[in-house]
Amino acid sequence: MFDGLKNKLNSFREDVEETAEEKEAAESETPSDHDASDESASDAADAPESTESDAAASSDAGDASGDPDDAGHPDEAAPSAAADPSESDASGADEDAAPPTAGDGLAADEAAAALEEETDEESGPSRLQRAAAFATGKVIIEEDDLEDPLWNLEMALLESDVEMNVAEEILDTVREKMVGETRAQVQTTGELAESALHDALYDVISVGQFDFEERIADAEKPVTIVFTGVNGVGKTTSIAKMARYFEARDRSVVLANGDTYRAGANEQLQKHADNLDQKLISHEQGGDPAAVLYDAVEYAEANDIDVVLGDTAGRLHTSNDLMAQLEKIDRVVDPDMTLFVDEAVAGQDAVERAKQFNDAAEIDGAVLTKADADSNGGAAISIAYVTGKPILFLGTGQGYDDLERFDPDRMVDRLVGGDE
Ligand SMILES: Nc1nc2c(ncn2[C@@H]2O[C@H](COP(=O)(O)OP(=O)(O)OP(=O)(O)O)[C@@H](O)[C@H]2O)c(=O)[nH]1
């Protein structure tokens with residue numbers, strides 16, 4: 001599921017790692033680049049301790065935490081660390097240049113935090129911050145460093161059918177979470193990139209999520225759920241899967257065929273009802289769908305049924321007819337929930353349709369079918385953000401049990417970080 005997208009997202013981590021490595025190498029080779037014009041660096045050179053060129057210099061950077069105003073300490077450490085690149089590498093074997101201890105790391109963290117105030121929002125990390133971070137073996141990510149990886153990420157998202165605004169939102173969040181961040185030795189640049197991407201995806205994917213089971217439990221019986229969406233995307237199959245889902249949770253169901261427009265719709269749903277040993281309420285083709293659903297609710301009330309699952313037409317003469325029909329169903333049975341069904345493989349089309357259906361007859365959530373056949377994942381990532389309504393279920397195959405509660409956490413873990 002979503003393997004193409006997953007691979008592309010993993011490239012972002014690699015891209016950032018590569019960029020950071022290049023930057024680290026460049027900074028090691030030209031230590032004075034940043035600080036050539038830094039007055040504090042030359043001040044520091046005058047200070048007596050600055051003559052030390054061994055590992056003590058690194059711990060001096062830690063000392064800076066005691067006096068963040070003392071610009072000399074962090075700056076002076078930069079050239080010495082740069083003189084031997086191994087000093088900026090915790091795994092360095094140089095005995096004289098022992099890697100900073102955990103204590104050093106903490107002190108350095110405090111120093112970096114104190115120096116954070118020096119950051120100019122516009123121009124990124126200050127020279128002091130850079131020097132302190134560099135002296136302690138950290139690299140500060142700057143906006144320029146992310147330009148190429150973010151460009152590649154944007155292309156990957158768009159190629160994967162992620163809606164444009166959603167892609168922009170993801171990029172903004174990743175940028176916000178990474179720029180100015182230091183790569184501590186406990187967190188590699190790759191991990192930082194991964195966690196920023198993880199958070200950014202979670203933010204868009206989890207929009208509007210609610211506890212479906214709790215909503216069902218809290219609603220008055222019978223709970224009426226109406227399914228909307230165009231023909232052929234798996235709407236009828238999803239209703240049958242939902243019947244199985246509720247049955248497995250000890251909730252009785254009745255099916256209702258509100259698709260009185262399409263020839264064969266009754267037979268199709270009847271077949272599922274027979275397979276699942278469930279009752280179907282239907283009328284003749286051409287009948288009033290609102291009347292079918294009304295009858296189903298009455299049947300449920302009379303027979304102490306917990307849930308009514310109502311199909312609707314996916315296409316009528318005009319979309320106005322379709323929307324008028326959905327509005328009438330809304331008026332007559334006042335459903336507890338309207339779920340929009342579409343197929344993951346439809347990508348941007350599914351996102352656009354979700355928006356149109358939600359605008360015309362407000363939906364409460366979405367069921368995304370054929371996720372098992374979708375490599376791109378664009379619809380799965382975009383629908384909630386675009387409509388403000390959550391994806392609640394994923395269809396993952398043709399069997400009745402191939403329905404999965406959509407869990408944003410699990411979804412993001414799947415996409416970033418290699419779970420499943
Ligand atoms: N691989 C896969 N196939 C699915 C999934 N859900 C439905 N299908 C298949 O998609 C096809 C269309 O499903 P239907 O349920 O008939 O679609 P529909 O939206 O009700 O279409 P109409 O009945 O024409 O309105 C069927 O062959 C289903 O078996 C899914 O999650 N994964």
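Note: Cβ is positioned from N, Cα and C throughout, glycine not excepted.
Annotated in TrEMBL:
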REGION    1-104  region 'Disordered'
COMPBIAS  22-37  compositional bias 'Basic and acidic residues'
COMPBIAS  42-65  compositional bias 'Low complexity'
COMPBIAS  77-91  compositional bias 'Low complexity'
BINDING   229-236, 311-315, 369-372  GTP binding site
DOMAIN    390-403  domain 'SRP54-type proteins GTP-binding'
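Here the features listed in TrEMBL are painted onto the structure.
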{"residue": "Gly229", "record": "GTP binding site", "Cβ within 10 Å": "25"}
{"residue": "Gly232", "record": "GTP binding site", "Cβ within 10 Å": "11"}
{"residue": "Lys235", "record": "GTP binding site", "Cβ within 10 Å": "26"}
{"residue": "Thr312", "record": "GTP binding site", "Cβ within 10 Å": "27"}
{"residue": "Arg315", "record": "GTP binding site", "Cβ within 10 Å": "14"}
{"residue": "Ala371", "record": "GTP binding site", "Cβ within 10 Å": "24"}
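Taking a Cβ cut-off of under 6 Å from any atom of ligand 1, the binding-site residues Gly232, Lys235, Thr312, Arg315 reduce to Gly232, Lys235. Mean pLDDT for the domain 'SRP54-type proteins GTP-binding' (390-403) in the predicted structure: 97. Per DSSP, the domain 'SRP54-type proteins GTP-binding' (390-403) is made up of 0 helix, 6 strand, 8 coil.
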